[in-house]
Amino acid sequence: MAAQVTEKLQDLHLNGQNGDAKANSTAVGQTEAGEAEDDSDDEKEDGNAAPEAGAGGAAKKKKRKSKKKKKGGAKVQSSPPRVPVSNLFPNNQYPEGEIVEYKNENSYRTTNEEKRYLDRMNNDFLQEYRQAAEVHRQVRQYAQRTIKPGQTLTEIAEGIEDAVRALTGHQGLEEGDNLKGGMGFPCGLSINHCAAHYTPNAGNKMVLQQGDVMKVDFGAHINGRIVDSAFTMTFDPVYDPLLEAVKDATNTGIREAGIDVRMSDIGAAIQEAMESYEVELNGTMYPVKCIRNLNGHNIDQHIIHGGKSVPIVKGSDQTKMEEGETFAIETFGSTGKGYVREDMETSHYALIPDAPSVPLRLSSAKNLLNVINKNFGTLPFCRRYLDRLGQEKYLLGLNNLVSSGIVQDYPPLCDVKGSYTAQFEHTILLRPTVKEVISRGDDY
């Protein structure tokens, strides 16, 4: 989920996730096949021994015959995804992300005994992140296979969100359930010049078109450990250079990120990578520009936008990344001006952490605040989520919470009309010994 640079806000590896599942399935199949071969071999050996042994051989044959094990089929994900990942990993040991060793002056961390000890102490914390990451991988890979032009954005968004809730095992319909697991924030489906924070509200009839460039940005969480990852879908290869530029820029940011690294250095590296690309559209060459007022960000428990920003252009921010922090490294490229403004109807909202206590005169605002606190806490939500909980005629109260400084609204962020924007994003953990790209998968 994008972090925007505004004065208002300033004030306030695995390629093995599916690979592991496939490997496990393959291993089960191979084991069962091996058992069948062993049984067959035993029977052949017994048959050869029978003429020599007679009745005694029959007894020996019975003794030598191996006992067949019960063959339990490997658990696999359904289509659409509905099997909780906890059922696929019953020992609660989830695949780790891509492991990247620290470089330069931080290379000692990989072998330092004290750092290794600290890393082992964080196992529960890591398993929650890895479980959420596995949910994200399985859901997004299904989405990539099935999303097609002609679908409504509502159908796409709800399909992704329903899958995340099913795989985390938290439907979010009971008070407090969504705080335990489920959607980390609403599924963003931002089209073409719209770069971020667009999800359909009730009644939206927008349909995905063949020539669209759609950013798919959603989060999954377990116990508030939010995995924030995004990708861009197109159905025309003419946009491939744009996607390649943004993917390269994001991977550059991931490579440069690390403990004690300055934000300005990361931004400079990202910009250099991104702006080395250009894309030809309708016979005109367009340089790919970084969207300079969109950033990556750190992630705190139950809070998608922490207090630090990761720029995607060169700047003077001397803030450093620190050990134990979690960051969403996301980059946005555009064929337009490389600058976004708020536009279109707002759908995303979030309770402001440590918001001041303000007397509310509207009873609808008071009631809605109670619903938000009990169901979302500081996790972002959208209007469809309130509809899903059975809330009605809440818009006046919601706007009152926004104007009172209790809830933050996140309007869609758009470049100039006619331009195209793309996004790729991963969540990384700055562990004491290594950097873990927790959301990495076979797809990106």
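Cβ atoms are placed via backbone N, Cα and C, with glycine included.
Per Swiss-Prot, region 'Disordered' is recorded for 1-92. Residues or ranges marked as compositional bias 'Polar residues' by Swiss-Prot: 15-29. For 34-45, the entry in Swiss-Prot reads compositional bias 'Acidic residues'. Per Swiss-Prot, compositional bias 'Basic residues' is recorded for 59-73. Annotation source Swiss-Prot lists substrate binding site at His197, His305, citing sequence analysis. The feature divalent metal cation 1 binding site is assigned by Swiss-Prot to Asp217, Asp228, Glu425. The divalent metal cation 2 binding site annotation in Swiss-Prot covers Asp228, His297, Glu330, Glu425, and the record cites sequence analysis as its basis.
Distribution of Swiss-Prot features across the structure.
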residue	record	DSSP (3 states)
His197	substrate binding site	coil
Asp217	divalent metal cation 1 binding site	strand
Asp228	divalent metal cation 1 binding site	strand
His297	divalent metal cation 2 binding site	strand
His305	substrate binding site	coil
Glu330	divalent metal cation 2 binding site	strand
Glu425	divalent metal cation 1 binding site	strand
- Set of same-chain residues at least 6 away whose C-beta sits under 8 angstroms from Asp228 (divalent metal cation 1 binding site): Met1, Gly184, Phe185, Asp217, Gly219, Ile299, Ile304, Ala328, Glu330, Glu425, Thr427, Ser439
- Could you state the CA-to-CA distance between His197 (substrate binding site) and His297 (divalent metal cation 2 binding site) to the nearest Å? 15
- Residues satisfying Cβ distance under 8 Å from His297 (divalent metal cation 2 binding site), sequence separation of at least 6: Ala3, Ile304, His305, Gly306, Lys308, Ser309, Val310, Phe327, Ala328
- Can you count the other CB atoms that lie within 10 A of the CB of Asp217 (divalent metal cation 1 binding site)? 27
- Item | Check: same-chain CB within 8 A of divalent metal cation 1 site center, minus Asp217, Asp228, Glu425 | Met1, Ala2, Gly188, Phe218, Gly219, Ser229, Ala230, Ala328, Glu330, Gln423, His426, Thr427
- For His305 (substrate binding site), list the number of other Cβ atoms lying within 10 Å of its Cβ atom. 26
- Query: 10 Å Cβ neighbour count around His197 (substrate binding site)?
  - Reply: 28
- Item | Most crowded position, judged by CB atoms within 10 A, among Glu330, Glu425 as binding-site residues | Glu330
- Task: Give the sequence-ordered set of same-chain residues, not counting Asp228, His297, Glu330, Glu425, with Cβ within 8 Å of the centre of the Cβ atoms defining the divalent metal cation 2 site.
- Result: Met1, Ala2, Ala3, Asp217, Ser229, Ala230, Gly296, Ile299, Phe327, Ala328, Ile329, His426, Thr427
